[in-house]
Structures are given as C-alpha cells and as structure tokens.
C-alpha cells in the first residue's frame, strides 16, 4: 500500500486546503457506521480529513491489536466517491497502520467516533473508540474520542456541532502530554442540553449476564449481555452528568498508575 493523505475531490480543493489542519478519523463501530460518516462530514469544515476505520464493527475491543495474522488495507467508497480506508483489524490496528502505511506525516489531531453508546465509567476501559484515541496519544498525536449516549434513534446533529467546536478549541489550546479527552454527549436536541461539565470518570459498572442457548446438537453457547448500573450520584461524574443531559468532557491519561496507593504500598517494605 502506497502512502496517501486526505483526498479532496479536486486538485483546486486540495491546494486551497493545504494549510488547514489534517484530521485523522477512526472509530470502533466500523466504517459503515452512521457515526463516523457524520463525524467526517463535520470535520471537513475544520480541516483536511483522512478516515481509517475497521472494516467491520469492533466494539468493546479496548486496546486489542492483531497479532499472528496479516492486516489488509482497502479503499472504501460511499455513494461512488472515495471516503477513506478500511483495515481488517481493530481500532488500534487502524491507528498503527494509518501512521505507518497510509499517511506520509502525523496528523495534527486524531478524532475517534462518534460511538453508538456512552463510553463513561468502566466502559472507558472496554471502549475501542477511546482506545483509538489513546493510541493516538501514545504516538504523540493530540486525540479526542466522541460518544453518543444511545444505541438507537441516534441524532448526531448536536453531537457533530459540539465535536466541531471542541476540535477547533483543542487545536488552538492543545492538551497535556499522554492525555486525551473522552467526550460523552446526550442523545437529545441542543435545546435540551443542560450544559458542559469537565467530569471525572465514574464508577458505574455493568451487571453482567451470560445468556445460555443451545445449538442443534444440544451444546450450550452463551451471549454476553447486561445493564450499566449507576454507582455515582454526583454531577462531577461522567455517567451521572450525561444522564442529566450534560455533555461530559473527561481527560483520560495513558498512565494507569494509582498514585494515591504508592505511599501505602511502600510501607509494606517488600523484599526480593
């Protein structure tokens, strides 16, 4: 695969856009998801866009990478026009392949999403959308992840407007090293948005269910399911804020160290 950058529709458009920021877009719902098409359309008003996304949905893949089998890159068209590239792997694979074999230089910013369903609380750990942004941060790229708090009847109107506005702000202000913004947006009209909160990652978690079924030979198999249980009741926490129609903007770090626990553990005086 030869290297490519964003492909505007004409040479004139490419020339006029050459000084605009270059935006790499990814997701975990796959390149056919409505969310990434809405995001790409919005980001084209901010800069030059390159879309590199999984060929198929890879939700809840977290920071998984593909090892032991090849990855394949293909150009993807929407309505007869070039839209982006598919990678036969995970969201993190997409970022790695984009930087090594699709783009000729690092993008100015990486924007992941728009995800179906919130990525708050412990969902942050499972999310391929967030992981793509974290991989961007690991690679030294300013990165954002956007999620819409619904799995059905998604309305991306306000989400894309806010994503565009925040992306411009981050391009102007920057972010601390190894830090992304995970942005969770209620699925309501703009008139019902209560505001924007700089929120902490909450503690809400899934109450798991493994539903047992049987195949034609009588062998059991299982579908993982469950429901997210609200464990925080503070507007400072992401899931609680989103449920009250606030946009939750949460800074997430690549560093998973629990610094508050270090002093106590040092008192254990562990020896070899």
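Just so you know, glycine gets a Cβ as well, placed from its N, Cα and C.
Swiss-Prot lists 28, 29, 115 as divalent metal cation-binding residues, and of the candidates 59, 62, 143 the one it assigns to that same site is 59. The number of other CB atoms found within 10 A of the CB of residue 59 (divalent metal cation binding site), across every protein chain shown, is 18. Cβ-based crowding with a 10 Å cutoff singles out 28 as the top-ranked of the binding-site residues 28, 29. Long-range C-beta contacts of residue 115 (divalent metal cation binding site), restricted to its own chain and to partners at least six residues apart, with a cutoff below 8 Å, comprise 27, 28, 29, 35, 127, 129, 145, 146, 147, 148.
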